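Worksheet: one structure, shown below.
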């Protein structure tokens, strides 16, 4: 029996063989692709837009940079990056073709198609040469990866020396009472929203569960250091509902 079939991981609160998780996650995002951006606004009350602005503020995109936006889906991060960096180019990599289709349509509407490439690919085995990109971003995607450490190792590989990693992800609130209240909202409201708006309760139940399974801020920072990154720092957003993690290939 090979490692892929003998090892297990989590899919939300379920334990599944590692070899099955990617397909299950692919199914989730294929089903929600057409409603993904609308649901992000509803689930967060639009606050995710402020978090992404904070991500860009800290990242400070520069003209001419090459961005790799992994799990970039509909292109939200890439569009923000390109608007702040004249002459920059973005490659959006996602394992779900239907998410990329939504992104291409948005790029065409915004007349930005010539500054973007769209690639179907796996965060754990990126189809790019080493030392290629100036910036690597992943927004609300890394918690869905089967082996997070492998994805971070790949991020380090494809970045140029001096390149920067920036991760935006849901995280853990340091205050137990606030975490309890947030969990009540997440588990009782978000799946119902998913059923009403996207006719898909199960996918949003998974997304909520996946947030609770993701490592806390300090643990994740340690994983980034383990991949080889230096100057690793993080910033809490909305008191820790989400967090930004930054690291450099030095």
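Each residue, glycine too, has its Cβ placed from N, Cα and C.
Taken from Swiss-Prot as is:
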type	residues	note
BINDING	74, 94, 122, 123, 139	S-adenosyl-L-methionine binding site
Which listed residue (94, 122) has most other Cβ within 10 Å, given these are binding-site residues: 94
Residue 123 (S-adenosyl-L-methionine binding site) - helix vs strand vs coil (DSSP): coil
DSSP-derived class (H/G/I helix, E/B strand, else coil) of residue 94 (S-adenosyl-L-methionine binding site): strand
Intrachain C-beta neighbours of residue 139 (S-adenosyl-L-methionine binding site), sequence separation six or more, cut-off 8 angstroms: 52, 55, 69, 71, 72, 76, 77, 167, 168, 169
Other C-beta atoms that fall within 10 angstroms of the C-beta of residue 74 (S-adenosyl-L-methionine binding site): 24
